[in-house]
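**Student:** Input: one structure, supplied below.
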Amino acid sequence: MSATAAARKRGKPASGAGAGAGAGKRRRKADSAGDRGKSKGGGKMNEEISSDSESESLAPRKPEEEEEEELEETAQEKKLRLAKLYLEQLRQQEEEKAEARAFEEDQVAGRLKEDVLEQRGRLQKLVAKEIQAPASADIRVLRGHQLSITCLVVTPDDSAIFSAAKDCSIIKWSVESGRKLHVIPRAKKGAEGKPPGHSSHVLCMAISSDGKYLASGDRSKLILIWEAQSCQHLYTFTGHRDAVSGLAFRRGTHQLYSTSHDRSVKVWNVAENSYVETLFGHQDAVAALDALSRECCVTAGGRDGTVRVWKIPEESQLVFYGHQGSIDCIHLINEEHMVSGADDGSVALWGLSKKRPLALQREAHGLRGEPGLEQPFWISSVAALLNTDLVATGSHSSCVRLWQCGEGFRQLDLLCDIPLVGFINSLKFSSSGDFLVAGVGQEHRLGRWWRIKEARNSVCIIPLRRVPVPPAAGS
């Protein structure tokens, strides 16, 4: 039996259903054809319904629908999204690594350049402008000596200070706590070195660059060698015929240079407890000595008015002129430049290739005395922060002065004054440049020309705080 006959047998409902299905098909066709303007009332109803559905589809979606869409993200889409995130992370990591490599390369290049300049003795780090003048309240004062401080040294690790004075004693101080770590008392004359110590004014000291040995020289022509850590006496060098006025170790070695009022320079090997040689040339008592890594040393010739550079292997010397008075102090800035001070009040910057000063600052600490009878304040000590443009000078003008060396060391500009009353007989920068140590006394280290009663015989630790200077516009 055909499907039509079966439908007729079942009755009208079946044909009505079929008619309804046919009408549905016709409506869909009419909708898809756009009704072509011929639809009847039923078509109008269909148009109204379709417009309602369009308005519903244009309505803003609810958050639940958005969540459903996220949940409906396929596995393939999730893999793609995660892969993109991973690639972005890799790209960022590679960029950071590239920046780090570039920074490290710049650092290495800068360090290599500094090493080359340092080996040539021409390195000049610009730090002076960053130094902030310390307040008086920030200066730490260490008291322990009975008489004027004459000299001091700072250990290579900046942990301790050794100071010596006219009371013939040596004190080891802790930088952190300011306490005494050890005291080497005055030795009695004729006691045959028991206990070991100095029996006359200690005029100079030096410490080896590895911090192992301490050397001290006095007016009794003796050089005493100590173990710096324990302050145990090791041995005594004799040979000078007058007061020992200057000592310096060659950096990186245990070779010791000494100078004296007997006008000579001597070379010693401390590790082997041996004398090496003697050099002559100065025409008057030598006042001070300094050395760095090269096998040479520099001396301040006092009243003979010369600065000399001693080339030890060649047994030769270079002679420099510039000051008008007694040259009492000297310090190397780097292997090619040095600073010196004299009792005519002048401070000079020198280059080893020039026989005259590159820069000369007259009356560096001003004038003293009645109007018309003024005299410059003597320069009693100088110091330089190694391989930088920062220099310090001391006098008895109630202050320590910090200076900036200009480009090529051809200028000396005043940075600030640090108030300190008394004779500044010794100045030393820490290796890090974080502080400056001053040895203060009521009298000059080499004599008793004046006495400043209000001064206190002390060691002063002056903090040097740095404030980075912003680069100039357009640099």
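Glycine is no exception: its Cβ is also placed from the backbone N, Cα and C atoms.
According to Swiss-Prot, the protein carries these features:
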COMPBIAS  65-74  compositional bias 'Acidic residues'
MOD_RES   Arg10  omega-N-methylarginine
MOD_RES   Lys12  N6-acetyllysine
MOD_RES   Lys25  N6-acetyllysine
MOD_RES   Ser50  phosphoserine
MOD_RES   Ser51  phosphoserine
MOD_RES   Ser53  phosphoserine
MOD_RES   Ser57  phosphoserine
REPEAT    144-183  repeat 'WD 1'
REPEAT    322-360  repeat 'WD 5'
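Explain the structural surroundings of these features, please.
**Tutor:** The DSSP breakdown of the repeat 'WD 1' (144-183), given as helix, strand and coil counts, is 0 helix, 21 strand, 19 coil.
In terms of DSSP secondary structure, the repeat 'WD 5' (322-360) contains 0 helix, 21 strand, 18 coil.
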**Student:** With Cβ-Cβ distances below 8 Å as the criterion, list the same-chain residues six or more beyond the ends of the repeat 'WD 5' (322-360) that contact it, or say none.
**Tutor:** 118-124, 287-294, 298-303, 305-307, 309, 366-367, 375-384, 386-388, 391, 393, 395, 403, 405-406, 408-412, 446
